[in-house]
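These features come from Swiss-Prot:
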BINDING   10-11, 31-32, Lys38, Lys53, 75-79, Asn92, Lys144, Val170, Lys178  NADP(+) binding site
ACT_SITE  Tyr140  active site, proton acceptor
BINDING   Asn169, Ser180, His187, Phe201, Glu202, Gly203, Ser204, Arg209, Tyr272  substrate binding site
ACT_SITE  Lys178  active site, proton acceptor
Amino acid sequence: MIIVTGGAGFIGSNIVKALNDKGITDILVVDNLKDGTKFVNLVDLNIADYMDKEDFLIQIMAGEEFGEIEAIFHEGACSSTTEWDGKYMMDNNYQYSKELLHYCLEREIPFLYASSAATYGGRTSDFIESREYEQPLNVYGYSKFLFDEYVRQILPEANSQIVGFRYFNVYGPREGHKGSMASVAFHLNTQLNNGESPKLFEGSDGFKRDFVYVGDVADVNLWFWENGVSGIFNLGTGRAESFQAVADATLAFHKKGSIEYIPFPDKLKGRYQAFTQADLTNLRKAGYDKPFKTVAEGVTEYMAWLNRDA
């Protein structure tokens, strides 16, 4: 069996899909369906079982067995970069992850988990997986950074696989439940379909992020599991592209609309990553050599998926 925490969420459900595409269906999805809209991410997928996150954590802490586990993909977390409840964030992202990690280490189960580019904070260069480059801007980034630091202490002694992926700006299918935290591409598409002018912040040609397609993210996860490589790795494309490029690809698909530029909100000033670009040196050294989709390629594929029933 394979366990995917956060399996009804954005990246988790895409990992379930990638496993299904390889003929793997013996999957336990762990999630919190308090947000009932997330179930739509699972309706076209094949899984063996579902468990609530709280029940799962109780069983993990009690050391209960789930049968033979081939791997745990730990994608379950509070991923809101605007959540400032530090206790909630640390319980959800740090303590929960530690419990799962030790469960896996004791049983030599491969443990693949979601870290984040938020660990780098407001940098504009050198997004490198090393302590001197890490200075998170928000409590979400701090919770991810702290767990990475914890993993770094354990990695040299570990007898089983531990791998963390620092996701950059992931976009693509199955993110609709994320609301305001969904990608720019998702929001632009919604605005166009509602007959509204698609909106970007003023200066969006100057805001550049490493936008990575979720299908590529799932592919990297599975490759590392299949190849048993451990470590903490950036997971982006290695290219910074502008929000304007995302908008251009969206408009090109729809063949209509023009962008309305809105003022940059005061509440985000100083807490907003204006530039991200993954350094892929370590990922490539580990042996992953496949190309990543450009914004034009990924957004076009995503638009086709979003508008498949239109």
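Each Cβ is built from the backbone N, Cα and C atoms, and glycine gets one as well.
Shown on the structure are the features that Swiss-Prot records.
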residue: Phe10; record: NADP(+) binding site; DSSP (3 states): helix
residue: Glu75; record: NADP(+) binding site; DSSP (3 states): coil
residue: Tyr140; record: active site, proton acceptor; DSSP (3 states): helix
residue: Asn169; record: substrate binding site; DSSP (3 states): strand
residue: Lys178; record: NADP(+) binding site; DSSP (3 states): helix
residue: Glu202; record: substrate binding site; DSSP (3 states): coil
residue: Tyr272; record: substrate binding site; DSSP (3 states): coil
Taking 10 A as the limit, how many CB atoms besides its own sit near the CB of Asp31 (NADP(+) binding site)?
25
Rank the binding-site residues Glu75, Glu202 by the number of other Cβ atoms within 10 Å of each Cβ, and give the residue at the low end.
Glu202
Please identify, among the binding-site residues Glu202, Ser204, Tyr272, the one with the smallest Cα-Cα distance to Lys178 (NADP(+) binding site).
Tyr272
If you measure Lys144 (NADP(+) binding site) to Tyr272 (substrate binding site) at Cα, how many Å is it?
17
With every protein chain in view, how many other Cβ atoms are within 10 Å of the Cβ of Tyr140 (active site, proton acceptor)?
24
Of all the binding-site residues given, Phe10, Tyr272, which residue's CB has the most CB neighbours within 10 A?
Phe10
To which of the binding-site residues Asn169, Ser204 does the lowest count of other Cβ atoms within 10 Å belong?
Ser204
Candidate with the highest Cβ count within 10 Å, taken from the binding-site residues Lys38, Lys178:
Lys38
Counting distance between Cα atoms, which of the recorded positions Asp31, Lys38, Glu75, Tyr140 is nearest His187 (substrate binding site)?
Lys38
Find the one among the binding-site residues Phe10, Lys38, Glu75, Ala77 whose C-alpha lies closest to that of Asn169 (substrate binding site).
Phe10
Please list, in sequence order, the residues in the chain of Ala77 (NADP(+) binding site) that are at least six apart in sequence and whose C-beta is under 8 Å away from its C-beta.
Gly6, Asn92, Asn93, Tyr96, Ser97, Ala114, Ser143, Lys144
Residue with minimal Cβ packing [other Cβ atoms within 10 Å] among the binding-site residues Lys144, His187:
His187
